[in-house]
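Engineer: Dropping the structure in here first, questions after.
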Amino acid sequence: MDGTAESREGTQFGPYRLRRLVGRGGMGDVYEAEDTVRERIVALKLMSETLSSDPDFRTRMQREARTAGRLQEPHVVPIHDFGEIDGQLYVDMRLINGVDLAAMLRRQGPLAPPRAVAIVRQIGSALDAAHAAGATHRDVKPENILVSADDFAYLVDFGIASATTDEKLTQLGNTVGTLYYMAPERFSESHATYRADIYALTCVLYECLTGSPPYQGDQLSVMGAHINQAIPRPSTVRPGIPVAFDAVIARGMAKNPEDRYVTCGDLSAAAHAALATADQDRATDILRRSQVAKLPVPSTHPVSPGTRWPQPTPWAGGAPPWGPPSSPLPRSARQPWLWVGVAVAVVVALAGGLGIALAHPWRSSGPRTSAPPPPPPADAVELRVLNDGVFVGSSVAPTTIDIFNEPICPPCGSFIRSYASDIDTAVADKQLAVRYHLLNFLDDQSHSKNYSTRAVAASYCVAGQNDPKLYASFYSALFGSDFQPQENAASDRTDAELAHLAQTVGAEPTAISCIKSGADLGTAQTKATNASETLAGFNASGTPFVWDGSMVVNYQDPSWLARLIG
């Protein structure tokens with residue numbers, strides 16, 4: 001690979017001190033790096049000379065990043081920043097502990113079916129969110145799936161993978177690993193749609209179940225197999241795999257894209273249904289445990305005052321007009337950050353937050369007179385978007401509850417209006433943490449036939465602001481007696497009214513625009529479906545519903561919350 005044959009450990013790259021080479025691939029090298037401006041440890045991907053000098057790639061990467069920026073899906077790994085320094089493109093990402101699925105399969109062999117289904121479902125959630133936003137991944141494979149110790153799965157390399165053409169991948173030698181998961185239409189002149197990602201995810205499911213990709217051999221034979229060979233049956237490869245998985249794999253890997261599942265969620269649901277009843281419970285438990293697990297906090301490292309670094313060039317490229325400074329530079333004042341969720345990362349131990357920043361190229365504009373704000377305390381109340389809802393609470397809260405509601409359900413409104421204030425107080429006091437879930441099963445009872453989904457989408461737009469108190473306020477406001485629509489009413493609420501409600505509780509313009517544009521409708525549909533499945537796992541018959549981690553809470557007892565938090 002050009003430009004990165006030798007490790008650059010111990011050297012400086014702009015404001016980044018490259019500490020350790022942690023990954024190397026066809027598109028670039030990945031380093032554990034110290035960001036000396038923001039005083040944190042990150043994963044830094046340095047793109048190869050070939051890609052960095054390719055104006056088409058540069059343009060596509062910008063475009064794909066903007067598209068991926070609409071994603072607010074917890075299983076998509078985001079980046080902190082990207083740009084160009086000294087003519088080399090880079091991507092700055094959060095560094096956490098984890099292992100890619102390919103390494104896990106090499107070490108452990110095939111996964112138990114419940115675990116395989118749980119991992120594929122999480123990746124399917126990420127892909128469905130991307131597809132709803134008009135983005136495709138194009139390189140779904142075990143190497144691009146990161147699994148934490150708690151089996152929380154992340155899909156990486158969004159933006160980079162889709163910005164790179166198949167021809168470029170071939171030139172860089174990346175196609176060998178990718179071929180095992182490429183849909184037949186990608187080998188022809190046919191236009192590949194998002195269903196190529198569904199095909200690839202099905203191949204990943206097959207490999208998780210059996211320990212090997214569906215087709216093996218040299219490049220030409222694998223390509224030919226994808227196009228012409230019969231779809232293999234996992235039950236004949238590994239004893240103990242339910243025969244029902246044969247049909248799941250056959251549909252997901254159908255040669256004709258139109259014969260495949262419509263969404264990755266459909267694939268995941270079919271895979272879950274193929275499990276034996278006991279294994280379905282195990283898969284649900286794996287998902288629940290992975291979602292409850294606290295996401296790791298990025299590590300930091302003290303930085304000496306007066307650190308020296310070369311300044312970056314603007315994204316437009318060109319020969320840098322300056323050299324390294326002759327004296328220490330002050331910390332630069334930066335322009336306001338443009339908040340986006342750029343879903344792109346690398347095959348290393350990475351995990352992401354929800355709101356991420358694409359900064360304008362920083363410029364030195366004089367010394368700063370104040371120190372940077374301290375990081376929040378480790379026990380601070382935080383917000384995390386989950387596969388089926390939103391977590392609000394502190395890591396030290398002794399009790400975590402699940403609350404399920406439907407936006408036009410009258411008893412749900414009564415429940416929230418009665419207890420929201422006390423719940424908020426308990427969360428602020430770190431006595432309680434809450435996983436909020438919103439469902440949409442009453443859509444057809446609303447005047448617009450989709451109000452519940454629109455309300456769920458609005459809640460995720462607000463969650464994207466990453467403000468726990470704001471989210472809880474908006475969730476409660478949806479059920480206000482002067483706002484909540486009723487079943488079979490002559491009217492419900494418009495997107496403009498939902499946006500105004502968000503504005504009244506303090507949402508920023510980005511969240512308001514998200515609501516008005518309907519950007520999160522696909523995410524809402526997926527997450528509401530996931531929430532319904534989670535609710536079904538508790539054998540609940542409807543909403544409102546409260547679960548304390550071990551049993552159903554009788555919320556009709558006025559003292560239920562006091563009893564719960566002692």
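Note that Cβ sites are derived from N, Cα and C of the backbone, with glycine treated the same way.
Remember, it's a predicted structure, so these values are computed and weren't measured experimentally.
So Swiss-Prot lists the following for this protein:
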type	residues	note
MOD_RES	Ser7	phosphoserine
MOD_RES	Thr11	phosphothreonine
DOMAIN	16-275	domain 'Protein kinase'
BINDING	Val22, Gly23, Arg24, Gly25, Gly26, Met27, Gly28, Asp29, Val30, Lys45	ATP binding site
MOD_RES	Thr50	phosphothreonine
MOD_RES	Thr59	phosphothreonine
ACT_SITE	Asp139	active site, proton acceptor
MOD_RES	Thr170	phosphothreonine
MOD_RES	Thr175	phosphothreonine
MOD_RES	Thr178	phosphothreonine
REGION	296-330	region 'Disordered'
TRANSMEM	338-358	transmembrane segment
TOPO_DOM	359-566	topological domain 'Extracellular'
Engineer: Out of Ser7, Thr11, Asp139, Thr178, the recorded positions in the record, which is closest to Val22 (ATP binding site) when you go by Cα distance?
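Structural biologist: So, of the listed recorded positions, the one sitting closest to Val22 (ATP binding site) is Ser7.
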Engineer: Between Arg24 (ATP binding site) and Thr59 (phosphothreonine), how far is it from one CA atom to the other, in Å?
Structural biologist: 23
Engineer: Quick check for you: of the recorded positions Gly26, Gly28, Thr50, Thr59, Asp139, Thr178, which have their Cα within 10 Å of the Cα of the residue listed as 'phosphoserine'?
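Structural biologist: Within 10 Å Cα-Cα: none.
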Engineer: Given the modified residues Ser7, Thr11, which one has the fewest other C-beta atoms within 10 angstroms of its C-beta?
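Structural biologist: Selected from the modified residues Ser7, Thr11 on minimum Cβ neighbours within 10 Å: Thr11.
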Engineer: Here's one to test understanding: among the recorded positions Thr11, Gly26, Gly28, Val30, whose C-alpha is closest in space to the C-alpha of the residue listed as 'active site, proton acceptor'?
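Structural biologist: Nearest listed residue in space: Gly26.
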Engineer: Out of the modified residues Thr11, Thr50, Thr59, Thr178, give me the one sitting nearest to Val30 (ATP binding site) by CA distance.
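Structural biologist: Going through Thr11, Thr50, Thr59, Thr178 one by one, the Cα closest to that of Val30 (ATP binding site) is Thr11.
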Engineer: Tell me, by DSSP, whether Arg24 (ATP binding site) is helix, strand or coil?
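Structural biologist: The residue in question, Arg24 (ATP binding site), is strand (DSSP, three-state).
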Engineer: Select the most exposed residue of Val22, Val30, where exposure means the fewest other Cβ atoms within 10 Å, treating these as the binding-site residues.
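Structural biologist: Candidates: the binding-site residues Val22, Val30. Fewest Cβ atoms within 10 Å: Val22.
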Engineer: Taking Cα atoms as reference points, which of the recorded positions Gly28, Thr59, Thr178 is nearest to Thr50 (phosphothreonine)?
Structural biologist: Gly28
Engineer: Taking the residues the record says bind ATP (Val22, Gly23, Arg24, Gly25, Gly26, Met27, Gly28, Asp29, Val30, Lys45), how far apart in Å are the two Cα atoms that sit farthest from each other?
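Structural biologist: So the binding residues stretch over 14 Å, Cα to Cα.
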Engineer: Pick out which of the modified residues Thr50, Thr59, Thr178 has the most other Cβ atoms within 10 Å of its own Cβ.
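Structural biologist: Top count of Cβ atoms within 10 Å goes to Thr178.
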Engineer: What is the separation, in Å, between the Cα atoms of Thr59 (phosphothreonine) and Gly28 (ATP binding site)?
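Structural biologist: It is 18 Å, counting Cα to Cα.
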Engineer: To the nearest whole angstrom, what is the C-alpha distance linking Gly26 (ATP binding site) and Thr11 (phosphothreonine)?
Structural biologist: 22
Engineer: For Gly28 (ATP binding site) and Thr178 (phosphothreonine), what Cα-Cα distance in Å is obtained after rounding to a whole number?
Structural biologist: 16
